[in-house]
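Below is one structure; the comments refer to it alone.
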Amino acid sequence: MRTKYCGNIRISHVNKKVKLCGWVHKVRNLGQFIFVDMRDYTGLVQVIFELKNYTIFKKALNLRNEFCIQVFGTVQKREKKNQNIKIRTGEIEILANVLNILNTSKSLPLNFTQENNDDSRLKYRYLDLRSFDILENLKIRNKITYLIRNFMTKKNFLDIETPILTKSTPEGARDYLVPSRNHYGKFYALPQSPQLFKQILMISGIDRYYQIVKCFRDEDLRSDRQPEFTQIDIEVSFMSAKKIRNLVENLIKKLWLEIRNINLKKFPQISFHEAMKKYGSDKPDLRNPIEIIDVSNIFKDKKFISFFNLNPQKNNRIALLCISKGAHLSRKKIDDYTKYVQRFDAKKLFYIKIKECKLGCLGIHSSIKNILDEIILKEIIEKSQSKNGDILFLIADQEHIVNKSLGMLRLKIGIDLNITKKNRWEPLWIVNFPMFDKDIQGNLSSVHHPFTAVKNMDREILKNSPDLAISDSYDLIINGYEIGGGSVRIHDVNMQKQVFDIIGIKKSMQNEKFGFLIEALKYGAPPHAGIALGLDRIVMLLTNSKNIRDVIAFPKTTSATCLMTNSPSTVDNLLLQELAIKHLKK
């Protein structure tokens with residue numbers, strides 16, 4: 001039906017006859033001529049219908065936006081004054097001699113000349129996908145997956161599919177369950193990850209595995225999450241955590257070079273503890289140079305503990321941010337920031353404006369001026385390396401509240417004052433996570449998952465001091481986004497059972513949920529490690545998209561619904577009866 005694509009015609013094709021298929025993007029009737037911007041997935045080209053060719057001109061009068069058409073014509077060079085340097089086909093146009101209207105279109109519910117609301121875009125996704133922005137994102141996604149497969153194949157990895165219908169196991173988020181018709185009252189689960197299967201593959205002797213795989217998690221959504229998502233899943237036998245990180249680092253560097261023509265520097269590496277202390281987050285955005293500065297020792301006197309109303313029995317912290325040239329901030333803006341940190345449970349936000357360092361207490365304006373003396377102020381200025389014109393924001397509270405509040409304030413101020421360098425890429429590795437986390441009842445749970453190996457102790461010490469265990473795990477962060485996470489896995493069956501015991505999984509539950517893994521670990525399981533990278537997030541970053549929905553062809557809403565197909569939906573009662581499922585009234 002066609003000999004060329006619209007976006008691929010160039011000046012070298014002048015005087016050539018072409019057949020094109022596509023959609024009407026825009027129509028302009030100038031009396032003697034009708035100009036049509038014709039579009040396919042490669043781009044736009046201008047088509048001219050002349051009045052002197054009246055038969056085809058008359059047909060062109062009926063054209064409207066998004067009509068699907070076929071055009072036969074001759075490529076001709078545009079006059080210099082009419083050339084459009086903004087598009088790749090701007091030097092040429094097509095003089096049409098045949099027009100076939102393949103299909104008409106209703107008036108569009110979307111307006112491509114302005115921003116449409118998200119619900120309309122998702123309901124009419126088949127129209128939204130015609131926009132060049134979304135289409136370009138999907139092309140880039142396609143190129144990224146090609147580059148990944150090429151890279152992994154050259155590194156001797158095998159692309160192996162793992163089951164979609166699998167067993168429900170506790171992995172953190174809720175499972176999507178699938179009832180079995182053949183096994184009455186039993187359920188499959190859609191995998192949150194291929195974690196256990198890829199470990200089984202290592203035990204099976206599959207030395208290097210990878211897969212670009214769909215995963216499913218029934219959890220609360222946000223702009224960078226979807227209920228079904230795609231991850232680059234990797235597992236390797238006989239490889240250290242350091243070598244896994246080097247492998248992934250080289251893959252990420254290749255993607256950024258090929259897609260964005262950017263040479264990423266070597267990824268720095270910091271511990272979880274350092275990340276929380278300096279940035280208040282285990283996903284720090286290093287494009288923002290502001291760091292949290294601990295001043296607990298400066299305020300250790302009892303009078304300060306009393307002033308800040310700190311409970312000595314709690315794990316407290318006093319810390320601050322130094323904002324360069326921020327002393328100009330108004331009282332209203334400071335009040336806004338105070339309200340902001342209160343969202344993260346901080347009771348108060350104190351400030352010190354440095355007008356003139358040399359004048360000591362006379363050279364500042366502060367909400368805590370009445371408790372400062374010259375010695376304390378000097379220590380604060382030296383510790384924060386603050387200068388004239390700077391402002392210090394200080395919070396005194398429980399450590400986790402201080403970390404979270406100053407971490408979030410750091411990000412907000414970085415954006416508000418244009419401190420965050422938006423045109424930079426700052427990847428890093430976070431390592432040395434705690435093995436376990438403790439809830440308010442004192443129960444322990446795995447920070448990553450229960451298959452992560454411990455890094456700093458043997459089984460005997462782990463049994464007696466699980467609170468001190470450090471996991472051999474690692475997260476990859478780019479510009480504040482968690483791109484991936486992985487770990488060295490437990491390959492000793494007794495260690496695996498002990499970790500299950502520590503996090504409170506009873507023996508009966510261990511056998512019911514993980515019996516196949518426990519049994520497999522008894523047969524010479526090799527040391528192995530792996531990682532999972534979020535493909536959707538990688539594409540979102542590389543395309544500079546604001547929302548992960550813009551890099552997925554058919555995404556869900558933040559309430560996990562598909563507006564185009566109106567799913568999830570009810571099903572026939574006969575189907576439910578076959579599955580032994582009954583509706584319960586809420």
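Glycine is treated like the rest: Cβ placed from N, Cα and C.
Taken from Swiss-Prot as is:
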- GLU171, ARG217, HIS448, ARG489: L-aspartate binding site (BINDING)
- ARG217, ASP218, GLU219, GLN226, GLU482, GLY534, LEU535, ASP536, ARG537: ATP binding site (BINDING)
- 195-198: region 'Aspartate' (REGION)
Where else in the chain does the region 'Aspartate' (195-198) make close Cβ contacts, counting only residues six or more beyond its ends and a cut-off under 8 Å?
162-163, 166, 169, 171, 209, 211, 233, 235, 449, 451, 514, 516-517, 530
Of the binding-site residues ARG217, HIS448, ARG489, which sits closest to ARG537 (ATP binding site) by Cα distance?
ARG217
For HIS448 (L-aspartate binding site), what is the secondary structure state per DSSP, taken as helix, strand or coil?
coil
Residues that sit under 8 angstroms from GLU482 (ATP binding site) by C-beta distance, when 6+ apart in the chain:
LYS283, ASP475, LEU476, GLY534, ARG537
Same-chain residues six or more away whose CB lies under 8 A from the CB of HIS448 (L-aspartate binding site)?
PHE433, SER471, SER473, GLY485, SER487
Round to a whole number and give the Cα-to-Cα distance in Å for the pair LEU535 (ATP binding site) and ARG217 (L-aspartate binding site).
15
Count the other Cβ atoms sitting within 10 Å of the Cβ of LEU535 (ATP binding site), across every protein chain shown.
24
If one measures from the C-alpha of ARG489 (L-aspartate binding site) to the C-alpha of GLU219 (ATP binding site), what distance in angstrom results, rounded to a whole number?
25
Sequence gap of 6 or more, C-beta under 8 Å: which same-chain residues meet both conditions with respect to ARG217 (L-aspartate binding site)?
ALA173, ARG174, TYR176, GLN192, PRO227, PHE229
Cα-Cα distance, maximum over ARG217, ASP218, GLU219, GLN226, GLU482, GLY534, LEU535, ASP536, ARG537, record's ATP binders, Å:
19
With a 10 Å radius around each C-beta, find which of these binding-site residues (ARG489, ARG537) has the fewest other C-beta atoms nearby.
ARG537
Quick one: give me the count of other CB atoms within 10 A of the CB of GLU219 (ATP binding site).
13
